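Have a look at the structure below, then the notes.
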Amino acid sequence: MPAASRCMALLRALLGALLLPMPGVWCFSELFFVREPQDVTASRKDAVVLDCQARGEAPITVTWLKNGGKVSENERIYTLSNGSLYISEVEGRKGEQSDEGFYQCLALNKYGAILSQKSHLTLATISAFEVQPLSTEVQEGGVARFTCKIAANPPAVVTWEVNRTTLPLSMDRITALPTGVLQIYGVEQKDAGNYRCVATTITSRRKSAEATLNVIPASDLKPFHKPAIIAGPQNVTASLHQTVILECVATGNPKPIISWSRLDHKSIDVFNTRVLGNGNLMISDVKVQHAGVYVCRATIPGTRNFTVAMATLTVLAPPSFVEWPESLTRPRAGTARFACQAEGIPAPKISWLKNGRRIHSNGRIKMYNSKLVINQIIPEDDAIYQCMAENSQGSVLSRARLTVVMSEDRPSAPYNVHAETMSSSAILLAWERPLYNSDKVIAYSVHYMKAEGLNNEEYQVVIGNDTTHYIIDDLEPASNYTFYIVAYMPLGASQMSDHVTQHTLEDVPLRAPEISLTSRSPTDILISWLPIPAKYRRGQVVLYRLSFRLSTDSKIQVLELPGTSDEYLLEGLRPDSVYLVRITAATRIGWGEASLWTSHRTPKATSVKAPKSPELRLEPINCTTITVQWQQDSDDTAAIQGYKLYYKEEGQQENGPILLDASDLEYTVSGLDPRRKYHVRLLAYNNMEEGYQADQTVSTPGCVSVRDRMVPPPPPPHHLYAKANTSSSIYLHWGKPAFTSAQVINYTIRCNPVGLQNASLVLYLQTSETHMLVQGLEPKTMYEFAVRLHVDQLSSPWSPVVYHTTLPEAPSGPPVGVKVTLIEDDTALVSWKPPDGPETVVTRYTILYASRKSWIAGEWQVLHREGAMTMALLENLVAGNVYLVKIAASNEVGEGPFSNVVELAVLPKETSESNQRPKRLDSGDSTAYSDYYHLDQKSMTGIVVGVCIALTCILICILILIYRSKARKTSAPKPVQQSTDQLSHTNISLASANEVEKSIDGIAENAESLLPMIVGNSFIDAKGGSDLIINSYGPVTKANCKKRWLFFQDTKKMKTEEPQRRFVQAVCLYQPGTTVLISEDDSPSSPGQQSNFQVPFSIAADTEHSANSEGSHETGDSGRFSHESNDELHLSSVTSATPCATSHFVSSDLGKNVMNSTISDSKESPLLFATDQPATSPLQIHSAVQN
């Protein structure tokens, strides 16, 4: 670089020599540095040399600056002949002037001056230990870790001693990290002792306190331990080219394997990265691309047992230029624009220097973002300009030269400029024509700007050459302005005229003061106000007028106060009453506009122990944000639980309350509109009552200048897009408005949960990018987002609101109630319940199972099930093995912990065949065998004997009931009526048929029939027999037997028959897949006789079976275990101990047809019943179904 700079300087010198005869062209040699000072760390009394060598056209003068001020040279500090600064003895003791600071050298020649980069001189120091090693006990074979931390400049070198001797680090199991951490893996008895760290710098050496390591003998039994990270990586911020170490120490049995990855799935740089010790990640020569989130993962070999820890690496980078300023040549009265852009982490700040001195934006010279604009160039602007970019990592500078070309035939400057005030906003400016070449003047330009303050904008008005006076209006009242005139001709512009300053007249105030209302007692209101800003005061305020009244009274009371006052106490007021107050200010010209009425309620007379009103202060930060600050009275003894904040725009609805803690003394209100007046009230509260409130008004400033008030705001950002990133963060992206050409300053993001009640939870974030990751959100919560744009002191409206929900949290617990049932010789059913927690979302279950031999080898078989399922089949199990089963729940965010291991014993084939099946094993039955399930032969024998005894007892009870029923029917039958609704709605399941009684007429009207219960006579054959029908009275003759199909009964005819009552008993026999047919017989009976109705059922339940589904490829599992349908389960639960048989039934095949036809027609259709089989043919049944 120095050689290239010399060549460039030589080339420019040659070009300057060639151009020397040409009029109006100057030759010059640019000034540049060959060597610049660098950062230095020195000990006290050391000698230091700060280099500085500049090249350019001689003579060159070098001066030194310290912290922006000139270095005072003496015998100890002076400049060498080559421009370097020499300090013979560095001082820095307390009580003396320290030499520490930032140094810069300034090189100057006749063309200008340049400033070097900053050099930071620091003294070598070392502090006391911030963290010292602690004593610990470690089991033999475990991991021991000691740490110490000390602040030093430069960073201290840390070594370790054991028993006051240097610890040898040649063993692989001992690692000493440069960060001050000592790791000992596979601890042995000989490692026991006293450890301490030693920190050494260039100036001193410090030793820490000793820590004892006790080694406990290891037990013979080494149970399985899940991996655990006992020392994970910490967030690190590093400078460019430094070395970073991310620590990761894990324990477990078997010993876990440590691996590293990046959270963004980018590959880790293998050239600058290596593993230090037993899992620590060391990154050498850190670069910006190394920044990110690093994940340490500790995994038990051969298993899915792992744990992770992560940390963020932030890399800071010094500034570097992306765009450099270029040298310019401009004529007098022209405009020069220098561009400069730099990047770095954090983002660098851009500033401009002219001949080594910082430039402030004012008048003709403006700085827009990182650009420098010089308007109305004058000869004094000919200089060397430098763009300086600096951040916490350093500073860089880039230079450019502005050459001002002067015309030889230009006119002289206008003279005799004078100004006269016309009004509060207008000044008359007059001047004389130039004395030289005035006949060539074609126009004049009038320049004016405010005389007070910095960063004032200069305005320009161009007028013709036919006049020498001009009235400038649109000025602010009671303000000083500076004016000058420039004459123009075809070949260029004249020099500036002399400057003249003039003051505008006063005017009435443009607005009223912002008032604050508080109460010290139930009968007073303290009114205080701030001075009106000079911009709106428009002169000196001489009077204030206070007006107040009760809200229920139209009578107004008025007080006038001197302009020097800033508060007034209203006394003798009514307690617990609302008062309205307003204020007006006046200058010597007259009264301004009064403020709007501000309301305030006086405290209740009983609120003597309520918190006093806080002292409130409001301050606008910008045109959309205000800061609310308050201070509670120190004499207030009332307890304060918190504060309530309310705010509203004048004439709008109030927002709040915003609940704040008792420790809060400041709050920022964002998202306001520019040039609006807002009313804020604040009060303290406790468990008993609310305190006295403080009210105050504030006005937000405008975002545009007076001349730009008609400029419309920019359109809002478009295409706002939200995507959930984690359970606590959402990624936002949006587009810049297509019709906005202005430079975007930043964006404001508004974020809050949907349906938010507390306005203090609204989050406002700032960024200059078109994307942002919003963090710190609640899981599984819907948020609303909006974005607004800020450009050139203008704010856009809020974008349309976008709603998005954060992801749920990963399951925090394992599935519960894990049960295992052996349903076949080689098949087991696993069932479980979802993890505890109402907010837990599960999308998938992972089932791990393995035999003991496979488990020891770390080989698990894996099954996955959807989150809606809570059972699975384990197939192809090997007899004689004990299987271990555990389950974990997971969702799209992550996987939860596994459940406790449940053991399942699969008995040998010969043993399992002698036992009854199925065998049900669950975690709730485990006692001495720790989730081990086993049903031996004796247990199964006992179960079988118990079931047989129960069946025998039930059979005896049924026989007794049948015998007694026969006896009752013979003596005195009782009327029974069956509900037709029950018959129609049971749909084969008639468990409640003996609960309700109805008359036979009711049954006939509903086209349903009840059959007589057939007693258990031995001569009745269920498979077939004669046409003889027998009821409880004996055989029924053909004359008295009339068979009617239920579907074809004539109910009207039945009603007209003689009033007789028939005994009806229903007989049924159910088999899966068949339909019951019942017929009714007419039996002679008295009108008062009725029969009992009983419908016993015996339904054989199907065994459990597996539906076809896609299974796990690892095990060939069918994929799911399906229950019976709901109807079948219902039927199987409604069983009777006594099956009944009769010959009055059709065959199974015929019953199936009738069943299918009847049920498919309608849910309300009754079942088809027939009385006896011989009289009914399949043709008749088929005909009946068709009808």
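Keep in mind that glycine also has a Cβ here, set from the backbone N, Cα and C atoms.
Here Swiss-Prot flags C52-C105, C148-C197, C248-C296, C340-C387 as disulfide bond, drawing on sequence analysis. Residues or ranges marked as N-linked glycosylation site in Swiss-Prot: N82, N163, N235, N305, N465, N480, N622, N725, N746, N758. The annotation domain 'Ig-like 4' is assigned in Swiss-Prot to 319-403. As annotated by Swiss-Prot, domain 'Fibronectin type-III 3' applies to 610-709, with the evidence given as sequence analysis. Among the features that Swiss-Prot reports, domain 'Fibronectin type-III 4' is placed at 716-809. Annotated domain 'Fibronectin type-III 5' per Swiss-Prot: 814-909, in sequence order. Sequence annotations record features per position, and here Swiss-Prot assigns topological domain 'Cytoplasmic' to 963-1187. Residues annotated as compositional bias 'Basic and acidic residues' in Swiss-Prot: 1103-1130. Annotation source Swiss-Prot lists compositional bias 'Polar residues' at 1173-1187.
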Listed in sequence order, the glycosylation sites within 10 angstroms (C-alpha to C-alpha) of C52 (disulfide bond) out of N82, N305, N746 are N82
Might you list, by sequence position, any residue in that chain lying six or more from C105 (disulfide bond) with a Cβ less than 8 Å away from its Cβ? E36, P37, L50, C52, A54, V62, T63, W64, L65, G83, L85, L115, S116
Can you check which residue among the glycosylation sites N82, N163, N305, N480, N622 has the largest number of Cβ atoms within 10 Å of its own? N305
Within the domain 'Fibronectin type-III 4' (716-809) only, compute the mean pLDDT. 81
For C340 (disulfide bond), which of the recorded positions C197, N235, N305, N746 has the nearest Cα in space? N746
Proximal residue to C148 (disulfide bond) among glycosylation sites N465, N480, N622, N725 (C-alpha distance): N725
Report, in whole Å, the straight Cα-to-Cα distance of N465 (N-linked glycosylation site) from N480 (N-linked glycosylation site). 27
Please work out the number of neighbouring Cβ atoms within 10 Å of the Cβ of N235 (N-linked glycosylation site), leaving out its own Cβ. 11
Across all chains shown, how many C-beta atoms besides its own are within 10 angstroms of the C-beta of N465 (N-linked glycosylation site)? 16
